[in-house]
Each structure stands twice: as structure tokens, then as C-alpha cells.
Amino acid sequence: MHRRQMLSSAIAISAVLVAGSAFAQETAKTTDPEKMGEAETKHSMMTMKVGALSLATSRIAAKKETGPKVAEFAMFEVAEQETIADILKSMKMDESAAKGEVAKPTDAEVMEMLDAEGRQMVEKLDKLSGKEFSTMYVTAQTEGHQKLLAIQEDYLKVGKNREHLNVTKLARGQIKEHLKLLADLKTELG
């Protein structure tokens with residue numbers, strides 16, 4: 001009797017190990033950066049491009065006199081955009097390269113991601129101050145977040161990669177929350 005239980009346990013453990021190994025291999029296949037689908041690649045690139053403008057302008061806002069609520073939003077936006085940029089970048093890398101801390105993109109890396117229109121916006125905002133800066137910053141953030149929301153929703157319709165879809169769902173929720181905060185800031189600024 002005791003021998004049968006040991007044999008049954010050994011078979012059960014073997015089955016779990018085989019299933020775990022198969023799951024790990026399947027997971028490795030779906031998260032292999034070289035196997036990232038066209039939809040995932042497009043989503044990642046577009047999110048990083050639009051997010052780079054949001055990050056660049058929020059880094060400027062964090063250094064200016066904007067009032068407490070705009071400054072707080074800018075601080076949250078910097079943290080969010082640095083995190084999402086790190087996540088999307090890491091999804092293209094081998095899993096063994098994953099780290100627990102956020103690798104923040106440098107200002108130069110952020111500027112490289114911007115198109116000519118984005119660089120113009122950064123230059124324009126950098127020259128402004130006070131309420132004029134805050135108003136333009138909130139307007140630019142609102143437009144950028146609307147673009148980011150559309151990018152997330154478009155990807156959610158066609159995406160195939162589970163991890164990428166889940167990150168996108170989280171990003172979409174955060175973007176909707178930020179659009180509400182931005183609407184409140186716009187009302188407050190008049």
C-alpha cells in the first residue's frame with residue numbers, strides 16, 4: 001500500500017514537472033522578443049513615440065512654477081511614462097535581462113523618439129512660464145493622452161500577445177484616469 005502511494009506520488013510529481021516544463025517553454029515562445037507580432041511592434045512604437053512627448057513636457061513641467069496640482073500631475077506623469085517606456089523596452093528583450101528597477105530614459109533618448117512637431121512643442125513649452133505654461137501643458141497633455149488612448153484601444157482590438165494585452169489594459173485605465181484629471185486641471189486653470 002505504502003509503495004503504491006509513493007509510486008502514485010512520483011507519477012503525479014513527474015506529470016506536474018512535465019506540464020510545468022511545457023508551460024515554461026510555451027511562455028518563452030510567446031514572450032520571445034523576436035516573435036513579437038506586427039501589432040505588438042506597432043503598438044509599442046506608437047505608444048513610446050507619443051509617450052515620449054508626454055514625458056519630455058512633464059519633465060519640463062516638474063521644474064517650473066506651475067501650481068501644486070499641475071506640478072503633482074507632472075510628477076505622476078513622469079513616473080508613469082518612465083515606467084511604461086521601460087516595460088515596453090523590456091518586452092523586446094530576453095526575459096533574463098528583466099530587472100526590478102525602472103531604467104529611466106535619458107533626456108537625449110526621449111528627444112530622439114520625438115518627431116519634428118514634438119521637438120517644436122518641447123521648445124515652445126520650455127520658453128513659457130506661469131499660467132501660460134500650465135495652460136499649454138495641460139492642453140498638450142490632453143491631446144497626447146487622447147492619442148495614447150486611441151493607440152491602446154486600437155491594439156486591444158487586434159493584439160495576440162497575452163502579456164502585451166494585459167499591459168495595454170493597465171495603460172488604458174491609467175490614461176482614462178489622467179484624462180479626467182486633466183479635464184479638472186483645465187477647468188481650474190480657466
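Cβ coordinates come from backbone N, Cα and C, glycine included.
Listed in TrEMBL for this protein:
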type   : residues : note
SIGNAL : 1-24     : signal peptide
DOMAIN : 47-182   : domain 'DUF4142'
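Mean pLDDT of the predicted structure over the domain 'DUF4142' (47-182): 94.
When DSSP labels each residue, the domain 'DUF4142' (47-182) comes out as 112 helix, 0 strand, 24 coil, counted as helix, strand and coil in that order.
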